[in-house]
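First the structure, in the form of structure tokens, and then the observations on it.
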Amino acid sequence: MAGILAWFWNERFWLPHNVTWADLKSTEEATFPQAEDLYLAFPLAFAVFMVRLVFERFIAKPCALGLKVQANGPQKAQPNAILEKVFTAITKHPDEKRLEGLSKQLDWDVRSIQRWFRQRRNQEKPSTLRRFCESSWRFTFYLYIFTYGSRLLKKSPWLWNTRQCWIGYPTQPLMPEVHYYYIVELSYYWSVMFSQFIDIKRKDFGIMFTHHIVTVILLTISYTVNFTRVGTLTLCLHDAVDVVLEAAKMANYCKFQKLCDFLFLMFAVVFIITRLGIYPLWILNTTMFELPEIVGGFPALSIFIILLLILQVLHCFWSYLIVKAAYKAISKGKAGRWNPLHARDDRSDVESSSDEETSVPHSKNPHNSATTNGTSGTNGTNGYLTGGNSAEEH
């Protein structure tokens, strides 16, 4: 393992010309980042996860109940062994042919079977209470770490002049506040890397997983090679947006629509300004141009630039989704309802239809069969074959 680590951390690759790892050894006069410091992030990641469980159970949940957040999940489908077997072993989205076969087997009309499958799918989706607890934990953490980072950067010279990120590099002493900031952030993202497999599954799971991997790699490498100054700028810039987003989600789960719309509008503005404006002008500019000018180029620089550009691609993708949601709402004359948080919870997390008021299966008869298999099924007005599927896709 020592040989592998020595090969991986080759100083000719990771450090500028004529700089060695020996130059970055901590002394009595100055402390520098050490790779061994990062091992502390693993037990702390477990500690962060445990703190989260306690917070959600004893703080977030009582707050949610006090705010009248819905504690129960969607309406449960009535027990049916045949449909349950099809749902668990064959498909959760039966096609029209299978629906007709089940209709004959159970003597139910097709729409009742579609309703059963819709309700059964909704049973596996988390309650609003659980969503609120998750968002409140993220909001609390991001608010704390953003406040800490802002106070740290307000006293630092590289906030106002990004060239200061590289003056004296790589022998810039490590401030205790920066060390704490890095380790806490890295611990949090390690905890998120693993907890996301048991958290609520979202449609952007793959994108967020990529984002977390890139973030952990950037934090690890930037700390080891003492890119901590530009790293603190990047962390604080990202945390600022997440605070507002989680606050908007919490307002949405509490049914505070006006507050949610206001916060999401604020989130959209802050996101676009920070991720498409400040991030490229500060972070990308100082790394791609100021660093080579002041320190000189070295092989590892290309790794950092690639990882930072991957983040920028994700920023552009998310900005596109935000602008697209706003444009669709405005073009349809619903500017006051453009908030995609409402659309996500109402049309994706819990499927709905005009027939939701009843879940009692109807026995099949000629009139029901004609209604189910007639024009309403083909033109998409029955709200199940077309409306229900469309709700899941968005």
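Keep in mind that glycine also has a Cβ here, set from the backbone N, Cα and C atoms.
Bear in mind that the values here come from a model prediction, so they are computed numbers and not experimental data.
TrEMBL annotations:
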- 38-55: transmembrane segment (TRANSMEM)
- 83-127: domain 'Homeobox' (DOMAIN)
- 85-128: DNA-binding region (DNA_BIND)
- 130-331: domain 'TLC' (DOMAIN)
- 179-198: transmembrane segment (TRANSMEM)
- 205-224: transmembrane segment (TRANSMEM)
- 260-282: transmembrane segment (TRANSMEM)
- 302-323: transmembrane segment (TRANSMEM)
- 341-394: region 'Disordered' (REGION)
- 368-394: compositional bias 'Low complexity' (COMPBIAS)
Using DSSP, what is the helix/strand/coil residue split across the DNA-binding region (85-128)?
31 helix, 1 strand, 12 coil
Could you check whether the transmembrane segment (179-198) and the transmembrane segment (302-323) come into contact, where contact means at least 3 Cβ pairs under 8 Å with the two residues of each pair 6 or more apart in sequence?
no
